[in-house]
Amino acid sequence: MIMASISDSETTNRGSMWELDQNLDQPMDEEASQLKNMYREKFSSMLLLRLAFQSLGVVFGDLGTSPLYVFYNIFPHGVDDDEDVIGALSLIIYTLTLIPLMKYVFVVLRANDNGQGGTFALYSLLCRHAKVSTIPNQHKTDEELTTYSRQTYEENSLAAKVKRWLEGHAYKKNCLLILVLIGTCTAIGDGILTPAISVLSASGGIRVQNQNMSTDVVVIVAVVILIGLFCMQHYGTDKVGWLFAPLVLLWFILIGSIGLVNIHKYNSSVLKAYNPVYIFRYFRRGKSEIWTSLGGVMLSITGTEALYADLCHFPVLAIQIAFTLVVFPCLLLAYTGQAAYIIDHKDHVADAFYRSIPGAIYWPAFIIATLAAVVASQATISATYSIIKQALALGCFPRVNVVHTSKKFLGQIYIPDINWVLMILCIAVTAGFKNQSQIGNAYGTAVVIVMLVTTFLMVPVMLLVWKSHWILVVIFLVLSLTVELPYFTACINKVDQGGWVPLVIAITFFIIMYVWHFCTVKRYEFEMHSKVSMAWILGLGPSLGLVRVPGIGFVYTELASGVPHIFSHFITNLPAIHSVVVFVCVKYLPVYTVPVEERFIMKRIGPKNYHMFRCVARYGYKDIHKKDEDFEKMLLDRLLIFVRLESMMDGYSDSEDFTMMEQKAERSTRALLTEKAGSNTMSSIGDMSYSSQDSIVPAKSPLTGNSLTRYSSQTFGDEQEFLNRCKDAGVVHILGNTVVQARRDSGIVKKVAVNYVYAFLRKLCRENSVIFNVPHESLLNVGQIYYI
């Protein structure tokens, strides 16, 4: 490994050649514009119903199992008055109506990034409509993508003013990122707490029939179930959804039916709770326990944020159908029936759900409840995978292995490392507390924080993306905060009673994400500041002042223009470079996916005899690198396709932009890709010739010597043969390995964050060579130490 030490305080010398460089390596506007096509996911009616059915097993399990523990957390010390039960039920009814139904299902779900949900999906929308990304590696060529949708604004419109305000200062961008990270980290905490409280509550049904049973037995049963749940995750959401969906449907039918029976059997007067006046009367009673009981009511809408984050697994309409036709009415019946039972059996509030089950179906209901609790855990686990994947793609999380579990639906993924971390933390919470009341306090705190973050992020989305009238934005904000702020204050008051758990989890993940993102930004700034002038490279001549040895060298860089410092460092210390050099930039865009035909854009750098190219590979946060993808072969294929398209430019010189050719070749690109996919050899692209007006001094074939020969024309077949000879001679992947360290005069916080936290995360995360499946024997690392 070649190492170099550079400080961010150093600057590159920009002489007169620097201005020339700006014309030699321009961004690939034309190359990007020729690739535009339409990309849409369409669903048939039957597929939509199938997905709506599957969504029950993945998305709604958490909401569906809330009746297991809500009333116990509202009244942990028992019930004194029937009016309290009526008031609490009224709160539950209208909380379910305002938050999951009205806010999320009919408003927030529409704020999706082409089917992707969660806080990072909202962030990606904002990054596309305003320049708020803290990693400035985007360019206007990216806006040519068919999936890169954005709005234009009138100069004096409210949206334009908001856009300018957000873009005005760097601290506003950082505050927005911090807000997104807070919501993301708290949502990850949901993925830990949901399995703990759901499974523990369901397992508690064992003690209803045997009051002498030890709590430790319940905990052991819960831990065994949790281990089995996390071990099933590698099968994927599609298979798990088909397995769980019938169980959840049966669960909703069961709790709805039991609710109806209890309403008829015990106290039908409980139906007056549907009158919102009883909410006012509930608070007017002025008991000290009334306000703290809101934390328990909050648990009735747990899983709502997971519903939004799991949107990538299913289309919006499928989730809306399942919620409005099945989930919502069954939940209302379940809570109403429990309230009717509690009014007649005030001393059974701790086990109200299980005790309200008719004796004849108790054990079947217990089994279904336990399985439903497992499904509830699945909802937040799947949401956590989606959140981590989005954070990873946007440079906010260390690189981890992402497994694609479905060939039909790109959003269905599995992350082994995160799966085992969640399992360990979940078991620790379950065994540590042994009490669903304290876990419930922690859970409520996590849920309400995520909801508040989503509310605040929706405001700029409604203004910039939807161009909503400010009155509608204010109505949405006021209604949301009117419900969520009281719940937030009630949950914060229980921090010392278990509410500290999600805060500790969120702070831990926040430190990981922020430190990783901070160092990623610094690394990119280092690459920008230390890049070498293209004019200087081309001034060395076709041989670059070195021996051009046989082979193709792929030089990986984070820059979409300019020459990375690792390349100049490489050729300065070694006396040779490959006959063909391709600068490869892999970057992630704030879009959900980049269609395969638009993923790569290619450009030649300098005259043909230099044999230097630039390739930009673009990915969205939904895209992943599959094990069966040969990244090297894709690069070589795109290189030959580009050379063939370039050969169509009869009458154009190498230094000119070939816009006309690209317009003519707009339909040819996909035809070439199709032709290439059906070919078994790289030589099948064709023999279209290219005649240049300029006299070119090409490098001689690398297999015949290093001398240069002048000639006036070059056919595509000649260059194709040249590239094939270089390919046969060997392909080398040159990767930069920038080591980031804090300067000696840095503060203790920065030293710990950079030298220890970031260094530790770098050791744990996957290398780029592994992600792109680069053969070890073809890999060359060029290292640098960068002090910040």
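Using the three backbone atoms N, Cα and C, a Cβ is placed for every residue, glycine included.
Feature transmembrane segment, per TrEMBL, maps to range 47-65 of the set 47-65, 769-787. The listed stretches are 85-106, 174-197, 242-263, 576-594; of these, 85-106 has the most Cβ pairs under 8 Å to the transmembrane segment (470-488). Across 85-106, 242-263, 500-521, 533-556, the stretch most heavily in contact with the transmembrane segment (576-594), judged by Cβ pairs under 8 Å, is 533-556. For the transmembrane segment (85-106), the partner stretch with the highest count of Cβ pairs under 8 angstroms, out of 316-341, 443-463, 500-521, is 316-341.
Packing against the transmembrane segment (500-521) from elsewhere in the chain are residues 134-135, 177-178, 181-182, 184-186, 188-190, 192-193, 391, 395-398, 425, 429, 439, 442-443, 445-446, 449, 740, 753-754, 757-758, 761, 788: each is 6 or more residues past its ends and has a CB under 8 Å from a CB in it.
Most Cβ pairs within less than 8 Å of the transmembrane segment (174-197), among stretches 242-263, 316-341, 443-463, belong to 443-463.
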